[in-house]
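J.: The structure follows.
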Amino acid sequence: MRVLANDISAHIEKEIELLGWVAVRRDHGKLIFIDLRDRSGVAQVVFLPSDKSLHAAASELRSEWVVMIKGKAGKRPAGMENKEIGSGEFEVAASELKVISKSETPPFDLESGGTDIGEEIRMKYRYLDLRRPRMQNNLRMRSRAIKFIRDFFTSRDFTEIETPYISKSTPEGARDYLVPSRVYPGKFYALPQSPQQYKQLLMVGGMERYFQIARCFRDEDTRGDRQPEFTQLDLEMSFTSQEEILEFIEELYIKLVKELYPKKHITQTPFPRISYGQAMEKYGSDKPDLRKDKNNPNELAFAFIVDFPAFEWKETERRWDAVHHPFTQPIVENTDDFRKKFDKNPAEILARQYDLALNGFEIAGGSIRIHDPELLSAVFEVMGNKPEEIKKQFGHLLEAFKFGVPPHGGIASGLDRAIAILQNEPNIREVIAFPKTGDGRDLMMDSPSDVSPEQLKELGIKKVEDKT
Ligand code: ASP
């Protein structure tokens with residue numbers, strides 16, 4: 001029966017079978033040692049010179065070969081223990097070896113943390129890079145954090161609901177990824193920048209408490225540590241308040257840190273709530289880093305930023321735009337009051353909008369939504385949308401709001417960023433299994449790539465030749 005590397009201590013003096021990769025081979029002449037890696041960790045295997053053919057076979061082993069080894073588990077001789085690894089007091093004396101598959105020499109070292117290896121090569125051979133213990137740990141902790149989040153929200157009566165990835169283009173801040181329709185030539189779907197409108201429509205649908213671990217797609221220009229697709233914890237609630245939403249997120253992160261990162265400490269609980277105005281004045285940032293000691297890798301300084309302005313002037317487009325998104329509720333009494341205040345000074349209108357900052361990064365953002373269709377239309381209008389455009393782009397939402405819309409609000413938290421900070425990783429690519437490079441390429445699959453003329457023809461698409 002197969003035993004995992006980290007479990008050999010439970011099988012002392014027994015014949016066991018190990019399966020995994022050769023991490024390192026150390027040839028000491030008479031004795032050959034193998035560090036065998038599997039999903040649990042590494043185990044030391046020793047080949048004694050007494051069995052000549054087995055010893056000879058072991059001397060052929062190379063890094064990253066996949067092998068099956070049978071042998072007897074035992075304690076290492078005194079003084080030979082390795083405190084660094086889980087199975088460090090034990091080893092397996094091999095009696096049988098089978099090479100399952102061989103490996104070429106890997107293009108880089110897999111034992112180190114890997115941070116000093118060029119990222120391009122790590123990305124090209126990501127499947128090898130993932131074998132390093134640091135990456136294994138990152139992905140396992142990510143999985144545990146996501147499970148924790150799922151349990152947290154389902155136990156509080158939230159329903160996890162999937163919303164479409166093939167959707168409709170709506171202006172929500174960034175550029176959309178478009179998907180051409182084959183059946184309706186010349187028409188396009190869009191990949192969602194977030195499930196924003198769907199989750200609001202779920203509130204109209206009476207679900208009341210929704211969450212989702214959602215993939216979001218934004219076609220942005222290269223901006224350092226961004227990804228064309230990223231993962232959010234997305235949630236929405238009906239009959240709620242800003243404070244209730246903040247308390248849910250606060251409780252989630254406090255409990256998650258306590259359960260999964262017991263060595264870390266949170267600078268201040270309850271998380272401070274700082275107005276946008278104060279944050280800008282005091283720290284010059286709407287995501288201030290409030291750690292007391294920035295050299296301490298185990299300090300987590302969370303802070304809610306509240307009372308954002310509703311609108312900001314976009315000089316390039318010469319129009320007022322929503323600071324968060326157009327669905328965010330401005331703090332006004334009604335549509336007339338809104339128009340009056342907007343005519344007076346749009347910059348002075350505040351919104352029921354909030355962010356969560358962690359160690360100088362924004363890790364969540366959300367708002368209470370406008371549920372009055374008249375006010376929502378007025379907001380679209382002051383942002384420069386013509387009535388026909390409003391109908392075309394948001395008609396479905398305005399229509400839905402005519403059928404008994406509950407007041408609602410929500411938040412979304414960027415999980416890649418949150419997990420990168422918790423894992424002490426410098427960028428989100430370290431906690432994503434198959435990320436794109438900073439400039440949006442998948443070097444392993446070689447994407448984006450050309451497609452066949454037949455595919456383009458089917459979609460009714462013609463390439464414009466580059467004349468430069
Ligand atoms: N959809 C928003 C975002 O992705 C979050 C929210 O308002 O709930 O930033």
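Backbone N, Cα and C atoms are what each Cβ position is placed from, and that goes for glycine too.
Curation does not apply to TrEMBL; its annotations are automatic.
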J.: Looking at TrEMBL, which one out of E362, E458, E465 binds ATP in the same site as R218, D219, E220, Q227, G414, L415, D416, R417?
T.: E362
J.: Need the matching range: TrEMBL marks region 'Aspartate' on one of 12-15, 28-31, 196-199, 392-395, and I'd like to know which.
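T.: Of 12-15, 28-31, 196-199, 392-395, TrEMBL gives region 'Aspartate' for 196-199.
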J.: Just to confirm my parser: what is the rounded mean pLDDT across the domain 'Aminoacyl-transfer RNA synthetases class-II family profile' (139-435)?
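T.: Value for the domain 'Aminoacyl-transfer RNA synthetases class-II family profile' (139-435), mean pLDDT as a whole number: 95.
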J.: Run through the region 'Aspartate' (196-199) and tell me, per DSSP, how many residues are helix, strand and coil.
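T.: Each residue of the region 'Aspartate' (196-199) counted once, the result is 4 helix, 0 strand, 0 coil.
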J.: Quick check: in three-state DSSP terms, what is L415 (ATP binding site)?
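T.: L415 (ATP binding site) sits in a helix per DSSP.
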J.: Can you name the binding-site residues among R218, H324, E362 whose CA is within 10 A of the CA of G79 (site 'Important for tRNA non-discrimination')?
T.: none
J.: What is the maximum Cα to Cα distance, in Å and rounded to a whole number, among the residues R218, D219, E220, Q227, E362, G414, L415, D416, R417 annotated as binding ATP?
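T.: Farthest Cα pair among residues binding ATP: 19 Å.
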